[in-house]
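Remarks on the structure that follows.
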Amino acid sequence: MKFLFDLFPVILFFAAFKVAGIYVATTVAMVATVAQIAWVWFKHRKVDAMQWLSLLIIVVFGGATLIFHNDTFIKWKPTVLYWMFGVVLLGSAVLLRKNLIRAMMEQQVSLPEPMWGRLNLVWSLFFLAMGGLNLYVAYHFDTDVWVNFKLFGSMGLMVVFILVQSVWLARHMQERPAGANPQDDR
């Protein structure tokens, strides 16, 4: 359910684009993201840093798209988000010696230490590649193709990536004794 809730602005962007074009769709995405953040705030009194970041990026790039009447800005939005994720994952591992993928997943998954490093690297590279692919589609195809790619192509690639990763993880997962603390795996 959270996955669909997170996709809410993207789905509305897609629908608005099909009906009224890129500028209306951009406005709809901005309003939907603000509404989404407001809903999360009123319901939980807390908003994740990633949601704030997403709001900031849609407001900046969506705003630039509307102010300058140039859809190039909104087309850069996914790339900026993907590249930020990739750089943060890679940078935190290299510079801070902190594996963010492990921090997010270790409660659910028990892996040998070297696998956590590989998993973090693979996610980082995936996000960097997705950012590049988004730009390729944005600059080599028309806006209609880019919008379809944004919803179906990037989501499809994400699902395939997660499925392949799940198969890979299943081969390396360790049994954790009942009641064991994930911190003990370190």
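A Cβ is built for glycine as well, from the same backbone N, Cα and C atoms used for every other residue.
Since we're looking at a predicted model, the values are computed, not measured.
Copied from Swiss-Prot, the annotated features are:
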| type | residues | note |
| --- | --- | --- |
| TRANSMEM | 3-23 | transmembrane segment |
| TRANSMEM | 24-44 | transmembrane segment |
| TRANSMEM | 49-69 | transmembrane segment |
| TRANSMEM | 76-96 | transmembrane segment |
| TRANSMEM | 121-141 | transmembrane segment |
| TRANSMEM | 149-169 | transmembrane segment |
Flag the pair the transmembrane segment (149-169) / the transmembrane segment (24-44) as in contact if three or more Cβ pairs fall under 8 Å (sequence separation 6 or more). no
Report, as numbers and ranges, every residue of the chain located at least six residues beyond the transmembrane segment (3-23) whose Cβ falls under 8 Å of a Cβ in that stretch; write 'none' if there are none. 29, 32-33, 36, 58, 65-66, 69, 71, 74, 143, 147, 150-151, 155
Are there residues at least six beyond either end of the transmembrane segment (121-141) with Cβ under 8 Å to its Cβ atoms? List them, or say none. 72, 75-76, 78-83, 85-87, 89-90, 93, 101, 149-150, 153-154, 157-158, 161, 165
